[in-house]
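Below: one structure, written as structure tokens.
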């Protein structure tokens, strides 16, 4: 027998929001609940279908699996818990307002510990090779003196106001409202003899030393999550997480853009004219670069796979070196004389033969001036 579509059971669209799904369930559950329909087998079956549909569609994870794989994606979850029997009519309200004190269950609320953040500053070399850093962070941990109970005697008594539930429930007609117990702040218990170290909180701030492994290839702004290294949880709940924010310091030579590295490469006037070999630094050693004769300022040489390593996989970026031809300074009289002879040797038409860009620029200036003054 083919199973019915959960969306059709609740009479909602497949794009319905969580609020719309909850509203539809509440309306149908109140209509078909067995307490309202005693000895009505059809209503009982309908209520089971409604409850099962709501259990799946109200859970983001189950709903996603159902949308993708249909009933096969959620059947292994065991279906709706209500299929094995029914509680009182108030169960409907428990779904929306939390369980009532009439159930006698312990409502002491477990609270997950807070997440923490810590910024680690590393060099570009450390980002390239990866590094292990040791950090000290202040975080809330369970008090050793009272074993986290908050009590000198390590015992707690049930809160007289909420009877251990952690919440106080008020009912007005058909509707029930719940609020955190103001006496015990939702813990469900009270302490007669508060611990001197934690003042009854059960937690104390401590310095924790943690080793952080930073993988190769990390970039500025990346975050590393250390699960369970945040503040301690309450009433047996999980600890929070520690998020490490990566800050990569500026480098004296290289500028990073994604996986590529960029640098300026100064070369001498003679090297630019005649060509030759120069040593170029990279993050994992020097490489020899051949400079072709007549190299101009601004020319970019690409050294493949000499950039940053990838955070995921074995790929590497490139190193791009931009040439900057340096003009000689602090020349003595002999050197100046040689340069003057060199300039004379170029002849009157040196621009067309030896400085093509300069000639083009001056020609453009002349053409512009003629148009401007004509």
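Using the three backbone atoms N, Cα and C, a Cβ is placed for every residue, glycine included.
Here Swiss-Prot flags 5-70 as domain 'J', drawing on sequence analysis.
The zinc finger annotation in Swiss-Prot covers 130-207, and the record cites sequence analysis as its basis.
Residues or ranges marked as Zn(2+) 1 binding site in Swiss-Prot: 143, 146, 195, 198. Within the same chain, the residues at least 6 positions away from residue 143 (Zn(2+) 1 binding site) whose Cβ sits under 8 Å from its Cβ are 150, 195, 197, 198, 201, 202, 203, 204, listed in sequence order. Residue 143 (Zn(2+) 1 binding site) falls outside any helix or strand according to DSSP and counts as coil.
Long-range neighbours of the repeat 'CXXCXGXG motif' (143-150) within the same chain, counting only residues 6 or more positions beyond its ends whose Cβ lies under 8 Å from a Cβ of the stretch, are 156, 191, 194-198, 200-204, 232. Taken from Swiss-Prot, the feature repeat 'CXXCXGXG motif' covers 143-150 (among others).
Its Cβ placed at the centre, residue 162 (Zn(2+) 2 binding site) has 25 other Cβ atoms within 10 Å. According to Swiss-Prot, the Zn(2+) 2 binding site annotation covers 159, 162, 181, 184.
Under the heading repeat 'CXXCXGXG motif', Swiss-Prot lists 159-166 (among others).
The feature repeat 'CXXCXGXG motif' is assigned by Swiss-Prot to 181-188 (among others). Residue counts for the repeat 'CXXCXGXG motif' (181-188) by DSSP state, with H, G and I taken as helix and E and B as strand, are 0 helix, 0 strand, 8 coil.
What Swiss-Prot lists as repeat 'CXXCXGXG motif' is 195-202 (among others). Outside the repeat 'CXXCXGXG motif' (195-202), and at least 6 residues removed from its termini, the chain residues within Cβ reach (under 8 Å) are 142-143, 145-146, 148-152, 234.
Its Cβ placed at the centre, residue 198 (Zn(2+) 1 binding site) has 22 other Cβ atoms within 10 Å. Listed in chain order, the residues near the Zn(2+) 2 site other than 159, 162, 181, 184 are 160, 161, 163, 164, 165, 166, 167, 168, 182, 183, 185, 186, 187, 188, 189, 190, each with its Cβ within 8 Å of the site Cβ centroid. Listed in chain order, the extra residues whose Cβ falls within 8 Å of the Cβ center of the Zn(2+) 1 site residues 143, 146, 195, 198 are 144, 145, 147, 148, 149, 150, 151, 194, 196, 197, 199, 200, 201, 202, 203, 204. Summarising model confidence by region, the repeat 'CXXCXGXG motif' (195-202) averages a pLDDT of 87. With respect to their backbone Cα atoms, residue 146 (Zn(2+) 1 binding site) and residue 162 (Zn(2+) 2 binding site) stand 24 Å from each other.
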